Amino acid sequence: MSRILDQRILLLVISFSASAQSTKVLSEWKKCGDPECEKAMSRVQATTDYLGPDCRYLNFKTGEEIMVYSKLSRENENLWTGSKGKDFGYFPRDAVIVEEVLIGEEVEVLTK
């Protein structure tokens, strides 16, 4: 009975650890086109296929168009956020090429 209880506790700890990692803040700061991060910053095109590690990431195929709404800054500058159709999420900036810049100046704000 004690062994079963130990196994259950171990599974609970592993489950909690995995959950905590998936909700980890990727960066405390981000750059946006406005203080509310509602304006699109740019239009980009995918230069490679991308499949993200979890549901927070945007998946896409080479050639697809993505609207960029924010860029993480300071701790993790490689990740941008954007949308493709109804899908929204993070993606690596080196997987796209900028086709059109839609704002004149970037604003740095705290992530929520």
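In case you wondered, yes, glycine gets a Cβ from its N, Cα and C as well.
Record features, source TrEMBL:
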DOMAIN    39-101  domain 'SH3'
SIGNAL    1-20  signal peptide
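For the domain 'SH3' (39-101), the DSSP-based tally of helix, strand and coil residues reads 3 helix, 35 strand, 25 coil.
Mean per-residue pLDDT, taken over the domain 'SH3' (39-101), amounts to 96.
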